[in-house]
Amino acid sequence: MPPAIWKLPVVVILASFLLAGCWDMKEINQLAIVNLIGVDTHKNTDKQELYYQVINPKGIATQAGAPEKATVYTYRFIERLGDQFEDISPDVIPRQLFTQHYQAIVVSERYAKSGLRELLNFKEGHPERGTNVYLLVSDAPIDRIMDSFIPLEPLPGRSMRSIIENQSEMTGRISTHTRMKDLIENMETGQISVFPIITYIGEKSSENSNRLEHIQGTNGNIALLGGALFIHDRMVGKLTKDEMKWYNLLNRKHERFLETLVINGESVQVKTLNTRLMKKLELHGEELILHIQIFANTNLIFNDQKVPTTTTLFNQIEAEFNQRIQKESQRFIEDSRKKGWDVLGIQYLLHLKKGAQWKRLAEDKDRWKKVKVVISSHNKIETIGSLISPYKGE
Amino acid sequence: MESKSITAWQMFLLVFSYTLGTAIFLRPGELIFTTKQDAWLVPLWCGLAGTVLAIFWLLLARKFHGQSIVQICLTVLGKKAGTLFGLLYAWYFIHLSSWVVRNLGDFMSATIMPRTPITAFHLLFLLVCTYAVIQGIRTIGRVSEFLTPLIFLTFSLVWITRGGDWNFERFLPVFELNLWKSIIENRQMLAFPFMETSAFLMIFPLVHDGKYVKPFLKGVVLSSLTLSLVTFLTIGILGVVRASHLTYPLFTIAKEIDFGNFIQHVEATTTMFWIFAIFVKLTVSFYCATLALCQLFHIQQRGVVAFPLIWLIAGIALSDHANVVEMMDWDHKYDFAYQLLYSLFIPLLLIAVSWVRRNHVRHGSEESV
């Protein structure tokens, strides 16, 4: 046999080994790409209601000028968390569920209050899913959120992610450290975690893509309402949007912080750009003191003062801002203490300390309540925008 | 029989990649589970102990210059006992290869390709390694030269892109390590990967001009530092809580890369490069198994041994442990004792027997005078 003839089958056999990859082949046309996941407790059973919002590729690919099509479809299953994925989805969905690129997970308030441990294990333990996605708690019935088209952003999951990231960048009211993995890390250390609460504005869900033709942007849309406070894996309370700001500032969750001050009877709005925070827990005799120092470069973004813009005014703004931070932070800490929330993670800080004396102090689980907190703020105005001297209108 | 040689640089890269190989995937999570925030210290003392062992093997190799461990067995113990001990080493290298290939299969099944049968990974990987083994140590050395920079680059990129998640608080409270307790709890870390480097007793004679001392020691020391660094970075990025619960924390670190909302889900690409390190480890242990059998039975063509070994290694890989938990359990309970046999007891026996025989011969010659 000439060499070329016997080499051919060998090459074919060797090349056929490459087909081994076909077992895990993922053809994009056979995938149901999940964009948003929702979980709720089922009322009458111990099962969960699971919502998978799947992208409709044809809806996404709508040409300019053509009417808007449904960009997503929501599938609802009532099953136990671990069962549904492989067992139930093929009954309804003609494609293979693909969850590697989902943007956010929304859980109902009642489900959050019952504990998310099972959900976290389910997501963390599967190679395709993972926990590097934003976790939101729904104040509204979850089907209303999962069954609604949202203006401007064709994918609701993407919309939620953008809102979180924009808020984080602009106001600091929401931190980007609100992913499922952040809850996992705090769950076992007993630290508090805060995740955004979203609600639905409107009486009923916007189930039809015709909603995208309406001019009303606010109605029939989702909005961020505040924060859901978790201890271990359970939601135990709520923070208002304003409280979220203080929580994020005092826990170094974000560098941005936006505040409106009233000086000389007129408004001034300031925004910190790169907030730095130093926490130091000290023992003075038997008294524990937590020193928190806040440093930031501040941007004056709105100035409606009628007095001339001078260094005296800036000193006044800086002093007022520093005072506001100290006062409001203390108020937030005191309010939280009354509710039994260790929002500064003082008990956890006690565990991080070395030495027998600190270990003894950490054994008292309510020690954090007796710690004195001293806050000092050091802000300096760095930029003032394009209006150096505001118009007086006189 | 192998007559080609590798350079000192290639030897260093082989030792480095071999030691990191599968350990870099499996060890950090396990260490963080047992030793928490101080886990990064464990590879340092294990590396120190590994270096002491390495010096011991180097002394043995110098005493029997130009001979592999199998040849030393034959020289010292004679044909029958030497063949028996040589076969023990051949089995050890086969066993090592089956662990490595199973680790790879478990990793691929659990992370990237869950639907592909694990045997497919084993056979295909072994087939590629067989080709490298047949080509010889110089080819393996050159492949290592080509792949190591890629492995290093991929690791660096992963750590850089995850820098934003770094938190020094995760190391608090520092230095709470109870050294003695940590040594007892993590003794398997000394076995795997450091005692496994005794496989290089087969490779030493193949290093050009016998310059294997420095590259070998450098490889062991640098890989222990790298393991410590990887564990350190894993704690800083993932935290003790998550890292100690995950089977493959390194994979999770790669999976969660999100650089500017632009570079995401690069775990498959990064894993592909990391698997190169496993390839080097498997190829070296497979090569040692093949070479040991060739030297024992005077077989000239490695292919005659290597191809049948594919089936043996793939079979052992499937039957040795049913799953990764069983493997970790075995590793924790028995690996240290098992590795002691090959890395310490048999070499000690060889030295003792050669010393007794030398003294006996000297004594006999003095008597005859």
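Each position is counted from 1, following the chain as shown.
In case you wondered, yes, glycine gets a Cβ from its N, Cα and C as well.
Curation plays no part in TrEMBL annotations; they are all automatic predictions.
These features come from TrEMBL:
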- B:7-27: transmembrane segment (TRANSMEM)
- B:39-60: transmembrane segment (TRANSMEM)
- B:112-134: transmembrane segment (TRANSMEM)
- B:146-168: transmembrane segment (TRANSMEM)
- B:188-207: transmembrane segment (TRANSMEM)
- B:219-241: transmembrane segment (TRANSMEM)
- B:272-297: transmembrane segment (TRANSMEM)
- B:304-324: transmembrane segment (TRANSMEM)
- B:336-356: transmembrane segment (TRANSMEM)
Below 8 Å between Cβ atoms, which of the listed ranges B:188-207, B:272-297, B:304-324 makes the most pairs with the transmembrane segment (B:7-27)?
B:188-207
So, does the transmembrane segment (B:219-241) come close enough to the transmembrane segment (B:112-134) to give 3+ Cβ pairs below 8 Å, pairs being at least 6 apart in sequence?
no
May I ask for the residues of the chain that lie six or more residues beyond the transmembrane segment (B:39-60) and have a Cβ under 8 Å from a Cβ within it?
27-28, 31-32, 69, 72, 175, 177, 179, 182-183, 186, 189-190, 194-195, 197-198, 200-201, 204, 212-213, 216-217, 220-221, 223-225, 227-229, 231-232, 235, 343-344, 347, 350-351
Okay, the transmembrane segment (B:272-297) and the transmembrane segment (B:146-168): do they have at least three CB pairs under 8 Å, pairs separated by 6 or more?
yes
Checking distant contacts: for the transmembrane segment (B:188-207), what same-chain residues at least six beyond its ends satisfy Cβ-Cβ under 8 A?
2, 4-8, 11, 14-15, 18-23, 27, 31, 42-43, 46-47, 49-50, 53-54, 57-58, 60-61, 66-72, 89, 93, 96, 137, 215-216, 219-220, 223-224, 227, 284-285, 287-288, 291-292, 331-332, 335-336, 338-340, 342-344, 347
Restricting to the same chain and to residues at least six past its boundaries, which positions have a Cβ under 8 Å from a Cβ of the transmembrane segment (B:272-297)?
1-2, 14, 17-18, 20-22, 24-25, 68-71, 74, 83, 86-87, 89-90, 93-94, 96-97, 100-101, 103-104, 125-126, 128-130, 132-133, 137, 140, 143-144, 147-148, 150-151, 153-155, 196, 199-200, 202-203, 250, 305-306, 309, 313
